[in-house]
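What follows is a short report on a single structure.
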Amino acid sequence: MCSSNHHPATTAFDVIIIGGGAAGLAAARALQGRYNVAVIEARPRLGGRISPTKWHRGVAIDMGAQYIHGVCPANPMVDLVNRGKLNLEEYPGSDEEYITALRAYSSQGRLYSAEELDSAYKRMQNLMEKVEKVCRELDDDVSLEEGVRLAGVDLSAEDELVRYLWWYLVHTWMGVSSDAQLRANEFDGSDETGRCDGPDGKVVEGMYALVEELEKECPNAHFMLSTPVVSVEQDGDGDASVKVTTRDGAEYFARACICTVPLGVLQQGRLRFVPELPSAQRESIGRLGTGTSEKVFLGWDKVDPIPDDKEGIAVIGPDGQNWLFEVLSGNAVTAQVVDISGAEAIDGAVQALRIAIPDLPAPDQTGITFFCSGLYSMGAYSHYRPGATEKDVEAAAQRHGLVWFAGEHCDPEYQGAVHAALLTGAKAAEDVEEFVGFVSFGNMAEGGEEPTTSKAYKFRFLPEAIPKCFGDRQLQADFKKWGLDQDMVILRFLYDSPADTESERQFMVQEFFKSTEAQRILPHACGGLSGIGPGTKVEMEQLTVQHTDMSIFHVLTEKRIVNAATGRIQGRFEEDWEGIPLYDTLREALVCEESELYETFSETIRQELLFKVFMHVVIGGASNQYEEVVTPYIEHTKKIFKGLGRSPSLQIVFLCSMSPPMSSVSVYFLRHGEATHNVASRTRPANVSREDIFTDPCYEDAALTEFGRQQAREAEAPEGVRSAKKVRLICSTLRRTIETAAIVSEQWRDLLAGRSVIVTDWAREQCGLHTCDTRPCLSRVEANAREFFGPDIGIEMKGDGHEEDVMTSAHPRETRQEVDQRVRNLVALIREDLDENQWGDDVVYVIVSHASFLRHFFSLLDLYDIELRRMRNCEWRSERLSLAVPRESPSGMMTCPIIDGCEVVDRTHLKVHRADVCTPVSGITVALHPADRDEADLREWVDRWTKGVLRTLSMAPCR
C-alpha cells in the first residue's frame, strides 16, 4: 500500500485528481497507462471514507463504508471484487426477514417476540405506504416531517417499537436524525435509495481490500498523501492549464483536474476555486444534505458475551436514543449513531447493550469514527434535503472549465453509495479524456534526476557544543515534568565546505549519514540509525527563520485558546489524535488537522523553526504532565530558540532530537481481591445508594473479605510469572492491594527481586472523598505491609512521600489528567528501577492495583482505538510494556534533554527501513553552518542561510 508522503520530482501532469477515495482511485485507474496522473490526498492514507479494515479475533471490522448495496453485474464494486479475486458474502434476505429475526428489546428491557416484530413491521409498512402516497405529490421544498403530518400520521402516538422501525428504515439509512432533514417527495421508504439490483453483500477480506486493489491497478500514478489542497486556479479552456496549490505552498500543473473531495468539504468552502464556481453550482451544492452518522465498535478479547444466533440486536434506549447493533461475532459488534460522537457514543453503546445483556463486561476494545467533525469529510454520505432535487446533484457534478467533479454526491441515481463514487470517477476520467484531447506531458517532468555534485564533505563531531540554555535549572525541571528529560540527545557536527544549492544540500545530508563520523556516533546515541545506506532515501522539509519573537503566538488569545488575562489554556474533552492525547484546545490546534482550530496557525507559520520548537515543547514526551497555563511553554520556547541562535559555536551542523533505543519489559497486572466495600455495594438495600456505601467511614481503607482472601489464594500466577528468574512486585498503598499482593506472592516468594516489595501511591485507586480509597499515614501503610509480608521481605516506599493522605483531602475527586500523570510516574518508576538495579531481561513486573487505575494505565498504552475494560477481582492481565532505556554514550559525548521530535501526522515520522525491518525513532532537525568562514562573513552568511537550511528530515524506503 501507498503509505508514505511521496512527492514526485515533476510538477507537471496530464491530470491531477484531488482526493484518493473511491472516486479518485476509479478516475486514476481509468486513465492508467496512457497519461501522467497525480492523485493528491489530504489524509495520510488512501480510501477516503472507506476506512482501513481492522481485525478483531479473525473478524473484519469496517468502520467506514461496509456494504455492497446490490450484488449484480452492473455494480462496479462486484467487478472490482472479481478482479481482485476477493470473497463476497451475500445477504439475500429482505428487510422484513431481517427485522423479524432481530433480538429486540424495549426501553424497559423486555425482549420482543418474533410475532411482535412482525406485527410492528406490517404496521410500519402501512404507515410508509400512506406517507409515500401523499409525499410523491408534494413540492421539492416540503420536508418529510411535513409530509408525514399531511398524510395524517402521528408517529408519537404509535407504539415505541413502530417508532423504532421508522428510525431504522428512514433515519439510519439516510444518516440523519430527523424527518425535517429529508425531502418529502423523495420518500419511498428510503431503503431502495442508492441500491443496485440484487442483495446486499460484504467483502470477506474487508472493504479496504477494494481500495488496495484499485491502488494496485494504478502502478504508474503518483500518489501524494498528507497533502491537503487549498486552491485550484485556471485561466480558461483550450490549451490552458490548471494550477493546484497544496497547503505547504507547493504548486502543481495539469491539463485537467478531477475534484473528488466530499460534499461536506465543498459546502464548507475549504477548497478555493479561481475563478469561483458559478453561483448556481454553489447553490446546488449548498442545498444537498450530508449525513451526520458515525459508527461505534465494541470488542472483547477473551470472552464472547454477545449472543450470535441473530444478525442484530435492537435496543430502544430509555433516553430516546435508539440503537441497532450488528453482531459480527460473539465478541464484536458495531452500531451506527447519529448526532453523537466520541466517548459519549461509546459509553452510550455499552449502556444500551447492557439493557439486552445486563452482565455485559466492559469492552476490551472500542472504536469511533469522526466523519462529521473530520476536516477531510465534514459528514457521512449525501442525501436530498428539502428543496434539493436531482438537478442539484447534476449541477454539483457540472464541469467548471478544466475542473471535473466526481464522488458519491454526484450521482442522482445511486447517491450515497460507494458504487456511485466508482461510477462517477470513471465517468469523469472518460469526459476529461474526450474533452481535452491529450498530448501527454509524458517525460516533460523537471528535476527528476538525482542531485549530483562533485563536492566531497568532511564531518567532525563536537562533543561539548551544548547550548547554555539547556543548563537552566527551571528548564531541566520542567523538561522532566513534560517527559523530555531522558529520551533526547543533542549532537553537533562540523562540516568543511558550504553547500549553496539545493542539490548540494541534498547531497551533503546524504553524505553525512554515510560518513565515518556519523556511523561512529549515531548508533550509540540514536538507536536505530545505524546501517543507513543505499536502501534508504533521505528527504528534507525546509524550515524558515523569518519570525524570531513570540508575537506569532498572540493568535492563541485571539482565538480564545488561551485566556488573555490569566494565560489559562482552554480545556476540552480528552481524546487521542494519531496517538497524541488532546488534553486541551492548544494541543488540538497544534496537531489535529481535522479540527477547525488547526487553522489557527497558517502553513507559513508552521514551517517556522520557532513554531516547531513550541509545538515539540507543548506535545512533550511519553510521560508529559501538561500545563494548565501557556506561560512555561512560551518562556522555554524563547530560551531554546535564543540558545540555538546565539550559540558561541556557530559551527554547529547537526541538532538531533530522537528517542533512544526502546527496551521493553513484561508487566503482569492483578486487581485486588474482593473487599468489604465491594460486597456492601453489591448487596446494598434499594434505599441505600452506592455513594452512601463508598462514603461510609466504616469502609475507610477497606480490607479484604474472607472470600477476597480465598480469591487471592486461588489466583494462580500466569506462566510468565512462575517461570521468571526474578519478579519485581509493586502494589498500591491501600490495604486491600497490599494484602492481596502478600497472599498471591506466597506461591513465588523466592522469585522476588531484591527480596523486597515496592509500595507506592502512584498505583493507588482514583482518589476522592470515597473512604474506601482513603489510606492512613505512610508510616501506618508501611507497618501494614511489614505485617502482611513478614520480616523476611523488605518494604520500599516509593512516590511523592507525603505522610498524610493529601490526594484524598486536597480535592473531592482526582481528574482523569491527574490519574494519568500517576500512571506516567509509575512507568517512570519501573524504568528507573530497571536502570538502577540492572535487572536486564531476567525480571518481570507484577502490579497489584485497582480497577479504575488499571483502566487508566491501559488507556495510556500505545494502542489504537482501545479502552480496556474493567478488571474483575483477582483477575490477571499481561502486557509487554515499552520503556525508553538510554544506551551508554561513547566516552566524551554529552547528552541533555531537548525538544521531542514527534511529528503531527505520524508520531514516528522518521523511519529507517532496511531488510524489511522498520525501526521507528523520532524526528531530526538539522542546522547547517560551515566551518571555514570568518566572523563577519559568517554573520552575513548565516542570515541568508538560515532562511532555507534549518530543515526536518524524514526517511522512507527508496521506490
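The backbone N, Cα and C atoms fix where each Cβ goes, and this holds for glycine too.
Note: TrEMBL annotation is automatic and uncurated.
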TrEMBL has GLU41, ALA42 down as binding FAD; which of VAL229, VAL232, VAL242 does it also list for that site?
VAL229
Listed range which TrEMBL flags as coiled coil, given the options 114-141, 450-477, 562-589:
114-141
According to DSSP, which kind of secondary structure is VAL229 (FAD binding site) found in, if we only use helix, strand and coil?
strand
Identify, in sequence order, the residues in the chain of ALA42 (FAD binding site) that are 6 or more apart from it along the sequence and have a CB within less than 8 Å of its CB; answer 'none' if there are none.
GLY19, SER226, THR227, PRO228, VAL229, LEU375, TYR376, GLU593
Can you tell which of GLU41, VAL229 has the most other C-beta atoms within 10 Å, given these are the binding-site residues?
GLU41
With an 8 Å cut-off on Cβ distance to the GLU41, ALA42, VAL229 Cβ center, who else from the chain surrounds the FAD site?
ILE18, GLY19, GLY20, ILE40, ARG43, MET224, THR227, PRO228, THR246, VAL261, TYR376
Quick one: average pLDDT across the domain 'Amine oxidase' (23-432), no decimals.
84
